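What follows is a set of notes on a single structure, which appears directly below.
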């Protein structure tokens with residue numbers, strides 16, 4: 001390796017290992033939460049589904065606001081591990097994915113098409129089995145005589 005790239009690599013590694021993690025995080029989380037609330041409220045659109053999702057997200061953020069204020073800024077270890085989030089965050093991720101799940105609307109036409117196709121295939125399979133069973137009975141009757 002040439003000396004210039006080696007020196008640049010060495011300095012970048014040394015600089016990144018000595019940066020405290022607190023400098024990479026916002027100092028005031030309430031500012032970030034209020035901006036997120038504004039984005040959610042203004043960008044939700046007029047659709048009923050987007051309104052419901054925005055409402056659920058707003059409830060979720062308000063519910064977790066107390067935990068963020070009480071906990072302050074998270075202090076992570078200097079070397080991050082594979083598991084950075086707590087089990088409580090797993091539950092919150094499940095709640096967020098629950099918001100995006102499909103509701104109980106009637107199925108769309110493509111779903112109906114595939115449902116009908118599956119039913120037709122199953123009916124054809126059952127018919128083939130009945131025909132094969134009839135042929136097997138006929139052969140057994142012939143051989144049994």
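Residue 1 is the first one shown; counting continues down the chain.
Glycine is treated like the rest: Cβ placed from N, Cα and C.
Database features, via Swiss-Prot:
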SIGNAL    1-22  signal peptide
MOD_RES   143  valine amide
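Neighbour count (other Cβ atoms within 10 Å of the Cβ, all protein chains): 7 for residue 143 (valine amide). In this structure, the residue listed as 'valine amide' is part of a helix by DSSP.
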